[in-house]
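For reference, the structure discussed in these notes is given below.
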Amino acid sequence: MSDCYAIAGKCIDQVIAKKGTPKSVVFNEKKSKQTKLIYKLVIESLKYRSVLQELLKKSQIGKEIKGEGRLLALSYDFLIGDGLKNKKYLKIFTKYKSVLKNGLTLMKVKRKATCNEDLLPKDVTTHMPRYARVNLLAGKTAKEIEETLKESFNVLKPTPESFVQTALEMTSKDVLVDPSLKGLFAFHSSTNIADLFLNKEGYLIIQDRASCLPPFVLAPKEGETVLDCTAAPGNKTHQLASAVGRKGKVIACEADPKRFRLLSSRMKQLYAGEIVESKFQDYLKIDVTQKPWSDCTKIMLDPSCSGSGMAHRRIMQEQDPKERIESLAKFQEEALLKATTFPNAKEISYSTCSTHDRENNEVVNAVLANAQSWEVANAFKRVPKFCEDSGTNTLSLEPFSSATNGFFVALLKRKDK
């Protein structure tokens, strides 16, 4: 267990330093029987980070245990979790037991909390569902997958109006059919979708609800040629491939060599290798007048962003420096403006997993000021009843509001001549 705290501490430090998500940093570590335990410890320690930091300030324990991540993991288990199981660290924490335990009790009294979870912000305590999308290229229909799921789960079919409430109240025995996004299923947060036969055989693809939106909004038709500007790891790329079918083509760009290899291998594994043409290419350096780029009629751009809409960012209650947001927005403007120069492109979807308007509507408006042959089209018509109309024709989701991560999608359309 001592090694468990060391690994958890290292992972927490990486997440705090924005070097990855909790899931990515934990599963990048050497696999062991403790991986699931470490992941839980990382998530819970980050969730209670502000609470633990306030309590730790009242003691001198930080002078004896170095490293914020390790201290958070140890203090979580000592005060809130299953109990500290390392004798060396338990001896240290015992010296500060009265200060820490009394501090936690006093905090609950002041905040009128009846349990530890009451100390957390409401959106942190909300258990968001996990999602999986039907792989239409694997040979089974959504209806066939639904029938298979009925063998192990209660399959529920809420209306668009009741979906969010049903999703937040579902149990581990339930699966929901998404009423707004065809072929998407919602599972309880405790369900390990990766272990399901349907996922292992490639019939289901794990993908967040919000992440599925751009291909639905872009809505390419069978036989079209579509460009995915920044494609890896390829979930949205695969969605596009499912839409255009074997008569169409998806050209997928990725400039990072490691991510390019991941993209290429995933498309082959998920039966999209004949449809997706993966390119080891910096999208910004494309000559749009040359084939195959000049053949693209629709473009999907999902560039790097702050990720402020991601649930794990809310768990950590993170905020981004204005300088970073501005730098990202300038890059996003350059990338979106580039998309408007493709000669045969008729529609562009622009998306981020950010809730900062500087990365969203402001980017779109800045680009349209310089690309006057383009305009914003109504994205809501492509995903009716998914969420309330924002009044801007763009989709803007706050985390948890649609039982998913925060997200933004705009649909740009070339004006009729």
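Counting starts with 1 at the first residue shown.
For all residues, glycine too, the Cβ spot is worked out from N, Cα and C.
What TrEMBL says about a protein is an automatic prediction, not a curated fact.
According to TrEMBL, the feature active site, nucleophile maps to Cys353. According to DSSP, Cys353 (active site, nucleophile) sits in a coil region rather than a helix or strand. Long-range Cβ neighbours of Cys353 (active site, nucleophile) (same chain, at least 6 residues apart, Cβ-Cβ under 8 Å): Ala210, Ser211, Cys305, Gly307, Ser308, Gly309, Met310, Asn405, Gly406, Phe407, Phe408.
TrEMBL lists Glu254, Asp282, Asp302 with the feature S-adenosyl-L-methionine binding site. Listed in sequence order, the residues of the same chain lying 6 or more apart from Asp302 (S-adenosyl-L-methionine binding site) and placing their CB within less than 8 Å of its CB are Pro214, Asp228, Cys229, Thr230, Lys236, Ser349, Tyr350, Ser351, Thr352.
Model confidence over the domain 'SAM-dependent MTase RsmB/NOP-type' (120-415) stands at 92, taken as the mean pLDDT rounded to a whole number. Among the features that TrEMBL reports, domain 'SAM-dependent MTase RsmB/NOP-type' is placed at 120-415.
Following the DSSP three-state reduction, the secondary structure of Asp302 (S-adenosyl-L-methionine binding site) is coil. Set side by side, the binding-site residues Glu254, Asp282 differ in how many other CB atoms lie within 10 angstroms of their CB, and the most is found at Glu254. The record assigns Glu254, Asp282, Asp302 to the S-adenosyl-L-methionine site; their largest pairwise CA distance measures 14 Å.
Residues Asp228, Cys229, Thr230, Ala231, Ala232, Cys253, Ala255, Asp256, Gln281, Tyr283, Pro303 surround the recorded S-adenosyl-L-methionine site, their Cβ atoms falling within 8 Å of the Cβ centroid of Glu254, Asp282, Asp302, which are themselves excluded.
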